């Protein structure tokens, strides 16, 4: 089996996690108590969905997931919510006091008390797997727990499970919508370790997803539930090929191989189509070509950056539902002819496609319409650098005056870590710049030391 363990850290990670597991259960026909009436092989454990669920002798399906937070309120919602019987109580780990939006608390003082317990639980889940493939890590880098404890856990996972791939789904601060003053600090400090310890990181940002909800679903005032349900569709599309048998299956390791040209250039944009409300879907016929085009629209991107300002290095298109390879090839051929979608000159093919015959499911009473086919795109584009340069700029404004730094130093951090992390990000911006640069500017001579 190719099991994946999901790790949900901090409020954002947990709430996105709730939306994801709700959707997985719907897709597989698993009830809120973990029973699965449609499963004929009780305790068999060789079904495709066993990559994400483990099956007990009593025929109950338990998610291979861990939820961690430094304060109890968000996890208590899971403990008392609809799916309280789905999770094993040991999988829900909560501390007593909050990281208070402080990376240093999440990473040093409070985080380190809880991290061994987390690794212990993860070890139990891993021992239960026959062929662990990797980890999906969900967190946000603006807060204290997601950034601090998130990085700490990733660092420790690298030590314990060096060869396993780690995919991060990371909520980055938005340009306009801010939830805390020290977001830029937390993000920069956290990205410093995301660079080292994740293989692929998919950037999400609330503002971009708000706009998609407003524009495409006509929700005037989107809530986090609306946002998370949209994000969960993306994550479900990515993992569908692990959970169902399909035509062109895409493995977690394949993402890495196809999307990451250089180890540091691993921050991805994602988009999903069709995002459409039930009222509209009734009147529209969404062909493969149409949904493919709309996945490439800048307004469909789930992070606030414009792919037209950069170049694509690689794209992964995951189709699900009523889609045949012939349609996909035609749609991709059309995309390649468009002048607005530019690829770097050293990567002429640039597309990896996957097809899964399981049509997309939607949460009953949710905002999305039930459609016959959908596509999720994960792309590696040099325009992602906009996300980093925005955060770096805000970081510089605050750090020049050393504002708020004493809170971090007081929790046992050194001021040098700030400048080290900031330099690492400056180097990352530079890397993106070089990757997007054309080769014909007389660079041939000095890239002999690259390889």
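Cβ coordinates come from backbone N, Cα and C, glycine included.
Feature list (source: Swiss-Prot):
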- 254: active site (ACT_SITE)
- 11, 71, 144, 145, 179, 206, 228: GTP binding site (BINDING)
- 71: Mg(2+) binding site (BINDING)
- 40: N6-acetyllysine (MOD_RES)
- 451: site 'Involved in polymerization' (SITE)
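Residue 179 (GTP binding site) and residue 254 (active site) have their C-alpha atoms 35 Å apart, to the nearest angstrom. Cα separation, residue 145 (GTP binding site) to the residue listed as 'active site', rounded: 30 Å. Within the group of binding-site residues (11, 145, 179, 206), the Cβ with the highest number of other Cβ atoms inside 10 Å belongs to 145. Each residue contributes its Cα atom, and for residue 228 (GTP binding site) and the residue listed as 'active site' those atoms are 25 Å apart. Note: the Cα of residue 206 (GTP binding site) and the Cα of residue 254 (active site) are spaced 27 Å from each other.
Annotation for the recorded positions 144, 254: lowest Cβ count within 10 Å of the residue's own Cβ, 254. The secondary structure of residue 206 (GTP binding site), as reduced to three states from DSSP, is helical. Within 10 Å of the C-beta atom of residue 71 (GTP binding site) sit 19 other C-beta atoms, taking all shown protein chains into account.
When Cβ atoms from all protein chains are considered, those within 10 Å of residue 228 (GTP binding site) total 21, not counting its own.
DSSP gives residue 71 (GTP binding site) a coil state; it is part of no helix or strand. Taking the Cα atom of each, residue 11 (GTP binding site) and residue 254 (active site) are about 29 angstrom apart.
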